[in-house]
Amino acid sequence: MAPPPPPDPAKMQQIQHFLTSVLSQRGPTSLPYAETTKWLIRQHLLNLITSYSSLDPKTAPFTHNDGRSAILLQAEGTIPMPFQGVSYNIPVVIWLLESYPNDPPRVYVNPTRDMIIKRPHSNVSPSGLVSLPYLQAWVYPSSNLLDLAAHLSAAFSRDPPLYSQRRPQSSPSIGSPSIGSGFSRPSPSPPIGSGYSPSPSIGSGYSPSPSPSPPIGSGYSPSPSIGSGYSQPSPSPPIGSGYARPPPSSFNHQQQYQQHQHQQTEDAAEVYKRNAVNKLVETIHVDLVMMRTAREAEAEGLITLQATLKRREEELTRGLHEMVSEKETLEQELQIISMNTDVLESWVRENQGKSENLIVDLDVVGFDSAFVCMETLSRQMLECTASDLAVEDAVYAMDKSFRDGVLSFDQYLRSVRLLSREQFFYRAMGEKVRGMQMEAQVGSIAARLQL
């Protein structure tokens with residue numbers, strides 16, 4: 001089998017841009033493939049089309065057996081099939097399902113109107129679905145589309161899946177054998193550049209030979225039928241020329257020459273238009289990529305700024321709560337200070353006139369008469385405080401006597417133990433009396449506030 005022609009660089013560039021565009025889309029219009037496998041899908045398709053330039057990638061709706069429909073990628077075109085020394089083109093469609101490349105693609109034979117599927121076939125069902133051992137043993141990531149196309153070509157070479165459908169002719173041309181003479185005329189083949197070639201009938205007992213593909217409207221030379229018992233090859237035009245050898249007629253030759261010149265002019269204008277569109281699309285794509293990169297960077301900056309502002313907001317909220325709590329504590333302390341101030345002012349007002357009439361004569365007025373307790377709790381508090389201080393003075397005096405050697409160690413310890421026990425009870429009583437006084441003061445202040 002002759003190697004396939006190298007792909008057109010301009011076509012490959014268009015295919016690369018197409019695959020990059022459809023696989024980089026996001027949102028509801030994006031293709032249903034995993035983000036981690038889109039780059040691998042692009043590489044598989046590019047490798048396939050580089051080796052089989054007759055295949056073209058495109059997107060189309062695919063309906064599953066359960067009725068679900070999705071827009072998927074497909075590679076549509078022809079795969080060369082060498083059979084008995086002649087290369088034929090088998091039209092196929094390779095669908096890449098949502099789970100590709102973890103699961104194998106779905107391959108269909110796509111016959112034209114002049115072709116029918118061979119029944120039965122070992123690898124192709126009547127609906128055109130292809131089943132190969134390579135598809136059944138598909139293993140990710142070693143399996144790929146390029147190897148699949150090679151296995152398709154090899155399997156079709158062993159057992160071609162398509163027949164050329166012969167159409168009956170209403171009247172034979174001059175010089176062609178009649179219907180009863182054992183010859184039949186096959187239908188004309190499509191043009192060479194169309195991508196589809198007729199497949200030979202299996203079991204006919206002859207070696208197929210290619211015939212020239214005439215253009216539309218230019219007559220064609222009759223070929224012997226499959227059952228004629230011999231094969232008569234006719235000269236083949238160069239691949240890609242787009243037209244067959246004209247008959248030896250000056251009028252037809254001039255007409256075809258004018259058509260060819262007009263087609264070349266149209267092709268040149270079409271190529272210029274296509275190149276301009278491709279250049280514009282490429283420029284727009286580059287601009288969009290740059291704008292997208294800039295917007296993504298700007299979005300990242302805004303997200304970082306938003307996180308910083310959120311953190312600062314939390315810090316301010318926490319600080320505000322702490323300040324509110326501290327304010328409440330200060331208000332409570334201020335209320336206590338106000339209560340104590342009221343008590344002191346009340347005491348000063350009550351005892352302001354007593355200081356003027358006080359006779360400071362130690363011989364007449366004793367120390368005990370200098371302080372007058374107005375209530376029982378105050379008198380108890382005075383007695384407990386006086387006793388506590390007296391015990392403290394006694395302990396101090398004994399300590400000094402012990403250091404001077406006047407008091408023995410045993411007497412010092414025994415006396416200190418007794419005095420400390422007595423001092424403990426005085427202090428406990430003083431704390432209890434102080435608590436009762438605070439409760440009485442709070443109650444009196446609250447009663448005055450209510451009034």
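Every residue gets a Cβ built from N, Cα and C, even glycine.
TrEMBL does not curate its annotations; it predicts them automatically.
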Write down the single range among 61-88, 313-340 that appears in TrEMBL as coiled coil.
313-340
In the domain 'SB' (375-443), how many residues does DSSP put in helix, strand and coil?
64 helix, 0 strand, 5 coil
Averaged over the whole of the domain 'UEV' (22-166), what is the pLDDT?
90
